[in-house]
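Participant: Attaching a single structure in structure tokens format; questions to follow.
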Amino acid sequence: MASEQSSPEINADNLNSSAADVHVQPPGEKEWSDGFYDKEVINGNTPDAPKRGFLGYLIIYLLCYPVSFGGFLPGWDSGITAGFINMDNFKMNFGSYKHSTGEYYLSNVRMGLLVAMFSVGCSIGGVAFARLADTLGRRLAIVIVVLVYMVGAIIQISSNHKWYQYFVGKIIYGLGAGGCSVLCPMLLSEIAPTDLRGGLVSLYQLNMTFGIFLGYCSVYGTRKYSNTAQWRIPVGLCFLWALIIIVGMLLVPESPRYLIECERHEEACVSIAKIDKVSPEDPWVLKQADEINAGVLAQRELGEASWKELFSVKTKVLQRLITGILVQTFLQLTGENYFFFYGTTIFKSVGLTDGFETSIVLGTVNFFSTIIAVMVVDKIGRRKCLLFGAASMMACMVIFASIGVKCLYPHGQDGPSSKGAGNAMIVFTCFYIFCFATTWAPVAYIVVAESFPSKVKSKAMSISTAFNWLWQFLIGFFTPFITGSIHFYYGYVFVGCLVAMFLYVFFFLPETIGLSLEETQLLYEEGIKPWKSASWVPPSRRGASSRETEAKKKSWKEVLKFPKSFN
């Protein structure tokens, strides 16, 4: 691979250029307008995708990893917040004093706000910063929102006995993380090869689970401090995570779709080539660029996208927007944040003296389960993952809630809890998290990232993701009140939501495994019934076997197989 650009400075010029590897003599303007390649260039044959060995796969994942690390930011907040609400010094700084007990405590309102203010910021940030992706490029936009995230962290660290200052910092902190929640999956979906797109977008969720796990570990390590280091150290570590993303953006290729929209065709070819480690003049690269260019030109003929365009029935953007909103809404209504936000509190209620340790166990299950999802999501399909996830989580939640209601307190709420029932609840919580982490957690982001045409993508993704954060706020804020009133009956509410999720996916969500982003648009436009969509073949490939069959031929085990010689 040729050397990278020598300048380490982060600015709009070097972040908006992905021509860091090779100088390319671009085709003439007529060739660009008519297509990037023709039969004479490729001898009348459709170019094949580059063959990858283990090293080829490794390079792709390493190049995409800094983008996916944006998922670490909201995960880290979930992990540390779950510990903060049970820390003595944190309650002393931001809670109220109870004279009858001589202890500090967090009221339900303040606890709910502490957990939920981050989600408010994320919801606003996702919509507010999405436009930067179209004006400044995906990479520079990510750097900007990460800087906003750092400002929020500074405000939180400097808070001292002023809970309102801490909450303002939490909102600004969320603005940056919310921007990442839209921009990072967007960039991942646009630079990922079609056959690896699901796994690469899943890396965002993998890093979110990694953030939750390390967040749990950090508060476990600082819980015995008696001063403000108890909570300031975990917040201060945010600067390290932000720095990783900012430096990583110097290495990641820019979105070829964004570059082609800006008429920077040769840079788009270099961006595509960088991912698969081939020449920018390779016929496969030119074919990919041609397909993207055709899609961009088709969208351009329809005129500049407006917010009104999101409600278009003719192009079925409205249908896809509703799908994106509901999938992101259902992601929260699985009940996963019931465990992640209030994990330490829940497990203290079932008789465990150290809920921090149990939270680390749950974080470990969550992280390693998501690794499985990254490896298999492009082999199984989106619909199957979501349907299996909804059914299996429903079974686990029914058992969890039933044990909590019927068996946990055999002598009433004021009596001692049953250790056996508490242990059983922890086991089924682990099963639940496994089912969630391997299905809905990564696939919900994949569905949203690949559903929308590039013309309205930033707007549609920002609205869809905003609903994720809105529901996370509602669940985070109201859970203390609801559990205080109905206790473990709360689980049955999520069971009802899981039933609705299963039915919606079966009847309304099409399968997009093995399709390029441009082919996904054709799938929606042709109006294929979702339960028949797995066998749909795009016009350019009709006469061949179904894409689902072809995808399955490439077993994920190939990724782990060491060839005799690396690419």
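A Cβ is built for glycine as well, from the same backbone N, Cα and C atoms used for every other residue.
Fair warning: this is a prediction, and the values are worked out from it, not measured in the lab.
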Participant: In terms of membrane topology from Swiss-Prot, Thr135 and Ala449: same side, yes or no?
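Facilitator: Yes, Swiss-Prot places Thr135 and Ala449 on the same side of the membrane.
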Participant: In terms of Cβ proximity under 8 Å, which residues at least six beyond the ends of the topological domain 'Cytoplasmic' (449-465) contact it?
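Facilitator: Hits for the topological domain 'Cytoplasmic' (449-465): 126-127, 129-131, 133-134, 178, 181-182, 185-186, 188-189, 197, 201, 257, 261, 295-296, 299-300, 302, 305, 307, 309-310, 315, 317, 320-321, 323-325, 327-328, 512, 515, 517, 520-521, 524.
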Participant: How about the transmembrane segment (360-377) and the transmembrane segment (56-76): do they have 3 or more C-beta pairs under 8 A, pairs 6 or more apart in sequence?
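Facilitator: Judged by the Cβ rule, the two regions do not touch, with the required three close pairs absent.
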Participant: Hey, would you say the transmembrane segment (428-448) packs against the transmembrane segment (198-218), going by three or more CB pairs under 8 A that are 6+ residues apart?
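Facilitator: Since 3 or more Cβ pairs under 8 Å link them, the transmembrane segment (428-448) and the transmembrane segment (198-218) do come into contact.
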Participant: At an 8 Å Cβ cut-off, counting only pairs 6 or more apart in sequence, do the transmembrane segment (113-133) and the transmembrane segment (171-191) clear the bar of 3 or more pairs?
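Facilitator: Counting Cβ pairs under 8 Å (6 or more apart in sequence), the transmembrane segment (113-133) reaches the transmembrane segment (171-191), since there are 3 or more.
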Participant: Six or more residues beyond either end and a Cβ under 8 Å away: which residues meet both conditions relative to the transmembrane segment (198-218)?
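Facilitator: Contacts of the transmembrane segment (198-218) (Cβ under 8 Å, skipping residues fewer than 6 from its ends): 60-61, 64-65, 67-83, 184-185, 188-189, 192, 233-234, 237, 241, 340, 356, 359-360, 362-364, 366-367, 369-371, 373-375, 377-378, 382, 437, 441-443, 445-446, 449-450, 513.
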Participant: So, do the transmembrane segment (171-191) and the transmembrane segment (385-405) meet, by the test of 3 or more Cβ pairs under 8 Å (sequence gap 6 or more)?
Facilitator: no
